[in-house]
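Everything below concerns the one structure shown next.
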Amino acid sequence: MTTDWTRRTAAEIADALAAGEVTSAEVTQAHLDRIAAVDGPVHAFLHVDAEGALAQAAESDARRAAGAPLHALDGVPIAVKDVLATDGLPTTCGSKILEGWVPPYDATVVAKLRAAGLPILGKTNMDEFAMGSSTEHSAYGATHNPWDLDRIPGGSGGGSAAAVAAFEAPLALGTDTGGSIRQPGAVTGTVGVKPTYGGVSRYGLVALANSLDQVGPVTRTVLDSALLHELIGGHDPRDSTSIDQPLPPLVEAARQGATGDLSGVKVGIITELSGDGWQAGVMTRFQESVDLLVKAGAEVVEVSCPTFVHALATYYLILPAEASSNLAKFDAMRYGLRVWPAEGASAEEVMRATRDAGFGDEVKRRIILGTYALSSGYYDAYYGTAQKVRTLISRDFEAAFEQVDVLVSPTAPTTAFKLGEKLDDPIAMYLNDLATIPANLAGVPGISVPAGLAAEDGLPVGFQILAPALADDRCYRVGAALEALLLEQWGGPLVPPEENLS
Amino acid sequence: MPEITRDEVAHLANLARIDLSDAELDHLAPQLSVILESVASISGVAGDDVPPTSHALPLTNVFRDDVVVPGLTPEQALSGAPEVEEQRFSVPRILGDEQ
């Protein structure tokens, strides 16, 4: 095995820490060195906390030496998406309106990381308030895809995915409202999981759309995601939408899947998530993965979810409506930016000027769209209709899961496109989330697993597995099986060429 | 579905308390029209008998026991404020000249 600790999985690092082969200080320093070496061109991080991470690593090593680690992942460093509140560390959500804001509290998931002893390397870049599929809407500059620095790393969590893909962190946290964990995972060749809605606490997550947002793991392997998911998941009394029951055994499911046996598992290919507009190389890799699932003993059938073709439109009414309400709190009064348009201006004038200066284009687009969808006279036609179609999408999932255990599709219709290519064409940008959005609308869990490289451009393709609500374990079992079979075929993980990083 | 005019966008921006410049209005109005046109495709998809979904999973209201738990100190709560005065958020004047 390599002695470069940045190349190891979180599970391997955890084992090495437990065996006394390495210290958390060494592993954390190795990742900080890697960040210093490659994050200039990649720009995955908005803030790096070297001092804090090394102090946390030293504490972790002291616990290990005393024979009292807090958790299996105690001492394994992690990066956190900048939409999660971190006590003492800046939290900007990729927006100028929160520039310099340091939260006085931790999100529950961050508190859980600290309680388990994971050193926090820093905060990762994202589209402003998680609105976007490319990280280009960050007010602090785009993140670049480690596979090709001229291309997007996906979004909104492109920073977390790129950090993990470029070996700057073994683990990261993301958030997924319409695909912001899974789509970056697909285009950077990493693993990303959107848990069941309510399975992971949203307390301290700066809300984009409350009924859709979910925090989840961003890693390079399925097992690492399962380890992190079990750590961050579970009931939180501080989140009233948190599910008050235990998580299914996720690590166990990943280990079971890794044996490569899927006998008795029924897999459904979603008819509506293929066809025109889907890149040929994406479909080829998808079909190869399906064939591997068959080889592993799964029964594969095609399942139609007819309302999924309306999911994108439904989402772009519900999301802006919720977002426009959520972002009303950025009013220049209690935290964040305050802009004075003139001396002695009124609170309302200050509010208008601040929101104009502090929000970027995409945020303004969605706030205005949401304001429109919620305004009197249009409410029934837009928001009300979208809520009804949301019901139909959930019914499609219910009917499908009566026939099969999991549903599969490519995670995104294309590989990573060029930075700037779709920046001023909102509809083209929105289409990236075509396959990931239905899961958010219905609250079901999903995982994206690397499925290889598209022949035409040599860029990563993602394979998406969706399961019924509360059955996240099925994503891990099938995902780990596919991963094991593909790794066997490839002879090892596919990683971005090192020469592309400079 | 109606096209969204530049004046309407200006009105919505006003409701949303965002000062949009003329250039921004020129830029945003046509983009919003295209988005609205594309999302309008869902009209008529769901019949009158379909109930709306506001949350994917069934929810019940959550209460907690009425006990005192530690909260933020005043210093913590005010730590991100643009302006602070006498342990309070200091805000611009609320009333206009005409009031």
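Quick reminder: no glycine exception, Cβ is built from N, Cα and C everywhere.
Taken from TrEMBL, the feature domain 'Amidase' covers A:26-475. As annotated by TrEMBL, active site, charge relay system applies to A:Lys81, A:Ser156. The active site, acyl-ester intermediate feature in TrEMBL is assigned to A:Ser180.
Structure with TrEMBL features highlighted.
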residue: A:Lys81; record: active site, charge relay system; CB count, 10 Å: 30
residue: A:Ser156; record: active site, charge relay system; CB count, 10 Å: 34
residue: A:Ser180; record: active site, acyl-ester intermediate; CB count, 10 Å: 36
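Cα of A:Lys81 (active site, charge relay system) to Cα of A:Ser180 (active site, acyl-ester intermediate): a span of 11 Å. The separation of A:Ser156 (active site, charge relay system) from the residue listed as 'active site, acyl-ester intermediate', Cα to Cα, is 5 Å. Secondary structure from DSSP puts A:Lys81 (active site, charge relay system) in a beta strand. Taken together, the residues of the domain 'Amidase' (A:26-475) have an average pLDDT of 97.
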